[in-house]
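If you check TrEMBL, you get these features:
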- 155-213: domain 'PepSY' (DOMAIN)
- 52-75: transmembrane segment (TRANSMEM)
- 100-122: transmembrane segment (TRANSMEM)
- 244-266: transmembrane segment (TRANSMEM)
Amino acid sequence: VGQLSSTDEQRTEVFVNPYTGKIIGERISDKTLIGMILELHYALLAGETGTIIVGIAALLMCILSITGLVLWPGWRKLIAGFKIKLDAHPQRANFDIHKVAGIITVVFLFFTGFTGFCWNFYSFTEPIIYAVTFTPKPAELVSKLIPGKSTLKLTEQLKIADAALPGAVTKSIYFPGKPEDALQIRMKLPQDSSDYGNSNVYLDQYSGEVLRVDNGLKMPLGSRVLNSFTPLHYGTFGGLPTRILYVFVGLAPLILFLTGFLMYLYRYWTKPSRRDSAMELSQKL
């Protein structure tokens, strides 16, 4: 499967027979069900504005995770912090569900929110992560334009990449968007925990010269932090068990929102308003 982006940022998926090279189908990925759900997830189907809104919401989820952890009643009595009394008053049962769902998922929700925030504001957060980890940001790589020479064949580029990173398997290829851009080949080493691979080989698209090799097992700290975003956000760091766990983690924000909203309503209903108090006082006078 190949993905092509047009000038209006519309992505087209092209399905190619790997043995014959024949195109067997294509579709606009943004118009598929999965594509629309993905865009709804990170941008609310609202473009750049939606991306900013979701990024801010992700940051707020991080803040709520921290404040919720501080307010968790289990710090005073551990058993009470994990106990749900479903046979108690609905207000108490609702509170118990909120506190238990929150403490079980708080770590996962924090990292999900943090990685989502960093992705949606990547141009802002990437240099900060490199700075706080004291990691030099990798230099931009360029291909040397050779007049009259076309780009090297892809099969030859892949052979060079395989030789540059022995034992790695090619997972995806990022073709240059500009004549001076480098060809990026994403690869997976057997020891890589990520299904997508954390290693990259960058080649000059004309000469095939190896411009840089990023071994996913020998990355500097800043790059390792950035590479950890995908498994932390998707829940793939622990294989199938954590993927299943993340299904329930994904439901946690809805549960916490509903129970938190009910907690607010309970307090609102049981607390006399200032207006009512003022009216009672005036009647007594």
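Glycine residues also receive a Cβ, built from the backbone N, Cα and C atoms like all the rest.
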Remote residues contacting the transmembrane segment (244-266) - C-beta distance under 8 A, at least 6 residues beyond either end: 61, 68, 91, 94-95, 97-98, 101-102, 104-105, 108-109, 112, 234-235, 238
Model confidence over the domain 'PepSY' (155-213) (mean pLDDT, whole number): 93
Within the domain 'PepSY' (155-213), residues counted as helix, strand or coil by DSSP: 10 helix, 22 strand, 27 coil
